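Look at Swiss-Prot and you will find D51, E123 tagged as active site. Look at Swiss-Prot and you will find E47, D120, E123 tagged as Mg(2+) binding site. If you look up Swiss-Prot, you'll see 5-134 marked as domain 'RNase III', on the strength of sequence analysis. Annotation comment: Swiss-Prot describes 160-229 as domain 'DRBM', evidence class sequence analysis.
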Amino acid sequence: MKKLEALLENSFNIRFDDKRLLETAFTHTSYANEHRLLNISHNERLEFLGDAVLQLIISEYLFAKYPKQTEGDMSKLRSTIVREESLAGFSRYCSFDAYIKLGKGEEKSGGRHRDTILGDLFEAFLGALLLDKGIEEVRRFLNQVMIPQVEQGTFEKVKDYKTCLQELLQAKGDVVIDYQVISETGPAHAKQFEVAVLVDEDRLSKGTGRSKKLAEQDAAKNALAQLSEV
């Protein structure tokens, strides 16, 4: 963890008082499960906390930055900023991917490069930083790492297929859109999900992905392509 501590201090001017929090943030469940006798904590609880503080800080930023935008527009932009792929990208930008502790099976299957794991890692780090330093330090870190990309308009170019599908269908009248998991295959470290998108309980299309969120986006993308051919 010494190299990680040096990275945080040199790149972001962050120094943890409670080193155990930092280590927990970078410990995946697969590693903790393989070392049960050591009673090692993993990062899922910190991820929960980090997700909450990230949503709050980004919401506050968008509210202040875009006084004329509607609630719907701000929600759409926020969802692209905090989506799995975006957070995984920030983990890579910060070089966090080099320091996460993974189980042997997860490591062999490419877990170090998986968006789901890296996105969760970024949130877990925020949770640990919140507990160790407080919300203003989390805000400072996000202002350094995330906000510059927001201000460059990076996320306004990202397609949220679920939102696009919802807007298209609801423009034609009130409809109920639902996403249902059809199948879940593969070992825990390499899951593959198949999801169907239903409109008023009728199946419109299907999609696949390494997580439920990615499979839902793929299903919505396929539905939009299908509707464009009608």
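Heads up, residue numbers simply count up from 1 along the chain you see.
Glycine too: its Cβ is placed from the backbone N, Cα and C atoms.
When the alpha carbons of E47 (Mg(2+) binding site) and E123 (active site) are compared, the span between them is 5 angstrom. Every protein chain shown contributes to the tally, and the Cβ of E123 (active site) ends up with 26 other Cβ atoms within 10 Å.
Broken down by DSSP into helix, strand and coil, the domain 'DRBM' (160-229) contains 30 helix, 25 strand, 15 coil. For the domain 'RNase III' (5-134), the predicted model reports an average pLDDT of 94.
Helix, strand and coil counts under DSSP for the domain 'RNase III' (5-134) come to 97 helix, 2 strand, 31 coil. For the recorded positions E47, D51, D120, the greatest number of Cβ atoms within 10 Å around a candidate Cβ is found at D120. Put simply, E123 (active site) is 5 Å from D51 (active site) when counted between their Cα atoms.
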